[in-house]
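> As annotated in TrEMBL:
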- A:7-170: domain 'Arginosuccinate synthase-like N-terminal' (DOMAIN)
- A:A11, A:Y12, A:S13, A:G14, A:G15, A:L16, A:D17, A:T18, A:S19, A:A38, A:G121: ATP binding site (BINDING)
- A:Y91, A:S96, A:N127, A:R131, A:S182, A:S191, A:E267, A:Y279: L-citrulline binding site (BINDING)
- A:T123, A:N127, A:D128: L-aspartate binding site (BINDING)
- A:181-398: domain 'Arginosuccinate synthase C-terminal' (DOMAIN)
There are 4 protein chains.
Amino acid sequence: MSQPVNRVVLAYSGGLDTSVILKWLKETYNCEVVTFTADLGQGEELEPARAKALLMGVKPEHIFIDDLREEFVRDYVFPMMRANALYEGTYLLGTSIARPLIAKRQIEIAKMVGADAVSHGATGKGNDQVRFELGYYALQPDIKVIAPWREWDLTSRTKLIEYAEKHQIPVPKDKRGESPFSTDANMLHTSSEGKVLENPWDEVPDYVYSRTNNPEDAPDTPEYITIDFEKGDGVALNGEAMSPATLLEALNGLGKTHGIGRLDLVENRFVGMKSRGMYETPGGTIYHAAHRGIEQITLDRGAAHLKDELAVRYAELIYNGFWFSPEREMLQAAIDHSQARVNGTVRLKLYKGQASVVGRKSPDTLYSEKVVTFEEDAGAYDQRDAAGFIKLNALRLRLLGRRDGR
Amino acid sequence: MSQPVNRVVLAYSGGLDTSVILKWLKETYNCEVVTFTADLGQGEELEPARAKALLMGVKPEHIFIDDLREEFVRDYVFPMMRANALYEGTYLLGTSIARPLIAKRQIEIAKMVGADAVSHGATGKGNDQVRFELGYYALQPDIKVIAPWREWDLTSRTKLIEYAEKHQIPVPKDKRGESPFSTDANMLHTSSEGKVLENPWDEVPDYVYSRTNNPEDAPDTPEYITIDFEKGDGVALNGEAMSPATLLEALNGLGKTHGIGRLDLVENRFVGMKSRGMYETPGGTIYHAAHRGIEQITLDRGAAHLKDELAVRYAELIYNGFWFSPEREMLQAAIDHSQARVNGTVRLKLYKGQASVVGRKSPDTLYSEKVVTFEEDAGAYDQRDAAGFIKLNALRLRLLGRRDGR
Amino acid sequence: MSQPVNRVVLAYSGGLDTSVILKWLKETYNCEVVTFTADLGQGEELEPARAKALLMGVKPEHIFIDDLREEFVRDYVFPMMRANALYEGTYLLGTSIARPLIAKRQIEIAKMVGADAVSHGATGKGNDQVRFELGYYALQPDIKVIAPWREWDLTSRTKLIEYAEKHQIPVPKDKRGESPFSTDANMLHTSSEGKVLENPWDEVPDYVYSRTNNPEDAPDTPEYITIDFEKGDGVALNGEAMSPATLLEALNGLGKTHGIGRLDLVENRFVGMKSRGMYETPGGTIYHAAHRGIEQITLDRGAAHLKDELAVRYAELIYNGFWFSPEREMLQAAIDHSQARVNGTVRLKLYKGQASVVGRKSPDTLYSEKVVTFEEDAGAYDQRDAAGFIKLNALRLRLLGRRDGR
Amino acid sequence: MSQPVNRVVLAYSGGLDTSVILKWLKETYNCEVVTFTADLGQGEELEPARAKALLMGVKPEHIFIDDLREEFVRDYVFPMMRANALYEGTYLLGTSIARPLIAKRQIEIAKMVGADAVSHGATGKGNDQVRFELGYYALQPDIKVIAPWREWDLTSRTKLIEYAEKHQIPVPKDKRGESPFSTDANMLHTSSEGKVLENPWDEVPDYVYSRTNNPEDAPDTPEYITIDFEKGDGVALNGEAMSPATLLEALNGLGKTHGIGRLDLVENRFVGMKSRGMYETPGGTIYHAAHRGIEQITLDRGAAHLKDELAVRYAELIYNGFWFSPEREMLQAAIDHSQARVNGTVRLKLYKGQASVVGRKSPDTLYSEKVVTFEEDAGAYDQRDAAGFIKLNALRLRLLGRRDGR
């Protein structure tokens, strides 16, 4: 709080917490607050955020509400999906991938309005503070960053509500008590953590899920769909061309219906602790399976295996908040290079929690029935070549075996 | 066929193909044939293989039928599962992991009976020839290897059957025609490929599956189970202690019931072609999920992420047949080192094709509710530390941002 | 020899071996031979190759002698140097990197002259056959490849010379006896292997070296030079702008004088055996050191460390002959992405076998004296940030320490 | 400074800085100070440190001076050398590898004397604070760490000396002025950084070097030596058996004479900045070359290449201070597994700054003259095997070439 702050751009949801932050920033820094509310497809009305900001004294021209849905899917979700990125083997990185875009837009607004600081509502224990702030610093190295949760003394819900009431910040009825868990949502996923989820032995209660049907309540009949890919990106559902966000939204609908994309995970945060989270990634889970499916026939083995090795690192970088880093961009360059011919159609079966690839075809297929067939192959492959192949692959093992005599 | 062969140990299933090979070896090499039939839990009677071998003139003392089930699961499947190995992101390596054990036992028998050659029934287009032969050469560098499918002129089913009939080899009725696909089975999985599966756009017909119920026919009610782990290996199901093979067998039963572990895949073979396969790994799929689940709370992040990076290479090595290689052993040493405290219990929900981890607990948990809690943590974690953590992680990005001015 | 061949493009040096091959191809395949001789800066006159080919009946329009020096350095050596590629920690890949270019040009010529086959003079034990042929097949999948050393029965020097004499192929006096070692040369390096080098305990005799002075005979006074880089590639020596090949040639001169770039190595060949080689890479060794030097101040840590990890794989791919593979191209895309700001000047000291970086400067430096200084830094770096940085990096180790009680 | 401290173990060199720290700790925390001085072969008298500590009021039984030389080389330097670890391609990690041992011993002493805190004299900008403290926390998670340079207000040399004089701490004459650079030393290396070295364009002045002759002043005649290895560790010099520390000390003598092991580097610190350092690693440079030499003939290719890939990460872990981490231990397990047969003798030539391997032999050699020879090999290798080997390695590239038509 030492440095004076003149004008700060706040990532503002319109909810209680960021409203308290809005007030607190003004009080603490005696500065002007600019609010930025992003539509990332989280499925909430955003105009109330405008009204609330106005009410709290933010100038109309300092209220930014931006629809970033297409940019989000096109420039963040799809590039990540090209990598088949999974954090710790299972998590589709739904929260992680949204943070860089929010940070980028916040910095753009800061430049536009001449702000010298940015602020966010992420706590000091989580990954999001890192993701936001690494983004801020990478894009505007000299920006001042204010992270109220690390600075203020509103260390309990009670104190927060007292503060809100004292400053005439409306407190919604359902926020009076502690909510039973904490959530984040965007078009790719909804996450929940904390409170009732904190014991990793306890099953996630069904009421925590909001984006997917319980598989047990999903239709008893499977549904078949197709997704078309061009250069590694989805372009059509069931033959109908769609923009990135439209496609993901449509897959979200299908995933919801069939109860697809639930994940109960204990993960390792970048800040060094383990946390238990619940994720729902309905459309993303289907898309991920489909992308692997189309790669199976269009990607060369060398490219595919290298991608699989790089994807672990790539996922870790995104999880840790290093989207705007040279090493993420280098990996992206490698991954994108591999996608030039990842074209074709994948057919999937959706059924009670599962999205299974059941067919794939492509004008660019590398699969050759002629070569692989158990039938006569008319010389496409000479089985005797395998003898030499094995002999030379074995040579070093034989030299070793002679020495070590296992 | 140039080198004289005196005595050959044949990996013998008792089926038509290896019976033809048995005869062909005698005819072609004028050598003595020793048969070796392994019980890897493939679920077939093996005594008929003895009768058949006797009938074809193999000496009683040259017929080896070994129950390798416990060794298979304990020394091959479990070590591989410690790595969470998946080939090309999805395949649990059920065929690959059985081949080294067969090769090892074949070589042991060769040494016992003083054989100078070994033989197998794998074709010249597949991976199994490589896996067998790399095993042979690693364990007995100077062994002579005979791979009839690469040598003989029985290039069609018709010729094979003609040969059998000519040599009084009984041809089962159902083998007269071409079978509609080719299979391999052991306790970990059953695979099918070829023929009706060769077009990767066509859905795998339901009759191809033999080890799992169709998820649509699986029970409408989920079943909950627990698996206990010690040092990274499963030791009990629902609290009941079990040997490795017993545990996997029990999980196979559960997986079958709930339709778990079906996989339709186009994969890249080591010999350079793509092939389409269908895999059923009922118990292995459950076990794999459970192992990841117990690691989530007992494995440190550094260990876990390193494992994830190594696992890609490890899986490739096993797929390609390099089980008996120094690099696989090096990776195994690293992986095994990480498992010393992977103890505890995982709870899973089995339902219509899915095995989902819903709870995990451990005396060795690294998960700390006290640290992670959204509530007051009594100083377990100082949120202000995060500021410095982020600042120094950001330092290089800021220097870069100043230079590059994104 | 089964398939008929109509016209074959031979990689032809004009020496005895490839002259014998030329004749043998005609005799064996009754085909037309097109010769291709590449100037890769190996420092030999190439016109005699034309005369010799004419003499042996090759049509004038079927003799190709191409100066590929600039292409070689610009499109092969420099891209590889961007990666700081070293095979097995030490070898600068001088032979490996030339093979793909020869293969590419051979295929281009084959297309021009309508040839259906290509041929080379590499033996069946080495890496070069693999590098040539993988290049051929990648660029022209249906080409017929003839590798005489794997096919013919000229298995000794004596037989080769008899064959030459029988066919009126001039045998140079110094080729009558066995040469004491085998060499390959291009602008990047000269390699020697075999014969007197075959015992890896014996020191390489001084007469084997041809491209560098013995360090003991090099000048007693060091020489200082500068190399300028733009986007990761060398562009000037001592301030004088030079083309890629000119620069490398000039560095070769300096390296020769100062005895720089000798390497005695036992390496692992792709075909599975170990071989002992001697390499001289005078200019390349200087250039490699200089490139690392300029990267030290212009490359971000994240990029630099990722490059170091990728470089091991990259070097292996080039060594094994996979230049024209998707995975090499993916890695190249990542590496090239990192070089955009690798600009500046490196100063080196050359002295008796060593090229040492002694200074580097760049308009794009990321080195900040202001940040790093032991003196007062005017707030460029807040030392207290380090406390939080360490605390959070330590958090997982502390949780682990509490559990494991080392 | 908030928490009370009762007794603190200080890493104490006896020099001015740590003497000031000793005093400052007592004053600031009103606590008892225990001093620990390690003999890591830095080549200084350590008894004066005892006298000084006594003078400053440390109880005799609270002064620990330990000779850790053998432990240092045996348990830290040699295991690291097994990995051929180089940070950023060039740095032998001489400082990094000493810190964990100091931290370990400090914690052992803390436990012995019942101390609740530890302290060190590393600054807030460097890597050493991280290495010390990660060690402390890993080994004693609840220890209190005091890092005076991050806490106090002695921000300039002048203030430090004023403080010393005020508290009757003797200030050596040569410490009155600023020393022209900052150093660290142990048996493996001496490092210098800061001040006159801060401009990376300026050549390191010769007076900065203290452990090696200038190569220009080194003998004009090369010296040949042999080093024997057992299980990857050096055991003898010129045939004479030596303990680890004795061997390294002897190699240091040789390296000094011949001017070997100087390195001028701009490196990336873990805390995010670039720094320029000068390192002298005389014996370590020779040893590193020798270890690679013996591995060349005794290590299988698969093991060697995997090691090379892991070594990059391993070096980064050690540099960053993660010696006591599960991931370093996992890598060590893999590396150590590879060394079981790394036995034999390496011959090196030492001459004016260079240590070159010129010969290697081993009872466990995998090098086979019989296989590699250009002469008749009596069937040790069938050149025709190479055809199949290449054909199958090329298969995927051919399928790709047919599709992509390069």
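Note that Cβ sites are derived from N, Cα and C of the backbone, with glycine treated the same way.
Keep in mind that TrEMBL annotations are predicted by a computer and have not been checked by a curator.
I'd like to know what surrounds each of these features in this structure.
Sequence-distant contacts of A:G15 (ATP binding site), defined by Cβ-Cβ distance under 8 angstroms and a gap of at least six in the same chain, are A:K175.
The 10 Å shell around the Cβ of A:S191 (L-citrulline binding site) contains 21 further Cβ atoms across the protein chains shown.
Sequence-distant neighbours of A:T123 (L-aspartate binding site) (same chain, six or more apart, CB under 8 Å from its CB) are A:Q129, A:W149, A:R150, listed in sequence order.
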> Which value does the mean pLDDT take for the domain 'Arginosuccinate synthase-like N-terminal' (A:7-170) in this predicted structure?
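Its mean pLDDT is 95.
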> With an 8 Å cut-off on Cβ distance to the A:T123, A:N127, A:D128 Cβ center, who else from the chain surrounds the L-aspartate site?
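Along the chain, the qualifying residues are A:A122, A:K125, A:G126, A:Q129, A:V130, A:R131, A:R269.
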> May I ask which of the binding-site residues A:A11, A:S13, A:D128 is closest to A:S96 (L-citrulline binding site) if we compare their C-alpha atoms?
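Out of the listed candidates, the nearest Cα belongs to A:D128.
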> Going by DSSP, is A:Y91 (L-citrulline binding site) part of a helix, a strand, or coil?
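Where A:Y91 (L-citrulline binding site) sits, the three-state DSSP reduction gives strand.
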> Which of the binding-site residues A:A11, A:D17, A:G121, A:N127, A:D128, A:Y279 have a Cβ less than 8 Å from any Cβ in chain B?
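Going by the Cβ criterion (under 8 Å to chain B), the binding-site residues yield none at all.
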> Please report the distance from the Cα of A:S19 (ATP binding site) to the Cα of A:R131 (L-citrulline binding site), rounded to the nearest angstrom.
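On Cα coordinates alone, these residues lie 21 Å apart.
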> Consider the binding-site residues A:A11, A:S13, A:D17, A:G121, A:D128 and say which one has the Cα lying nearest the Cα of A:Y91 (L-citrulline binding site).
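Closest recorded candidate to A:Y91 (L-citrulline binding site) by Cα: A:D128.
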> Taking the Cα atoms as reference points, how far is A:S191 (L-citrulline binding site) from A:G121 (ATP binding site) in Å?
16
> How big is the Cα-to-Cα gap, in Å, between A:S13 (ATP binding site) and A:N127 (L-citrulline binding site)?
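Just about 18 Å between their Cα atoms.
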> Please report the three-state DSSP label of A:Y279 (L-citrulline binding site).
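Going by the DSSP assignment, A:Y279 (L-citrulline binding site) falls within a strand, counted as strand.
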> What does DSSP call A:S182 (L-citrulline binding site) in the simple three-state scheme?
strand
> For the C-alpha pair, I'd like the distance in angstrom between A:A11 (ATP binding site) and A:D128 (L-aspartate binding site), rounded off.
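Here the two Cα atoms lie 12 Å apart.
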> Run through the Cβ atoms and count how many others sit within 10 Å of the one on A:S19 (ATP binding site).
25
> What same-chain residues, at least 6 away in sequence, bring their CB to under 8 Å of the CB of A:D17 (ATP binding site)?
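Sequence-distant Cβ neighbours: A:G121, A:L160.
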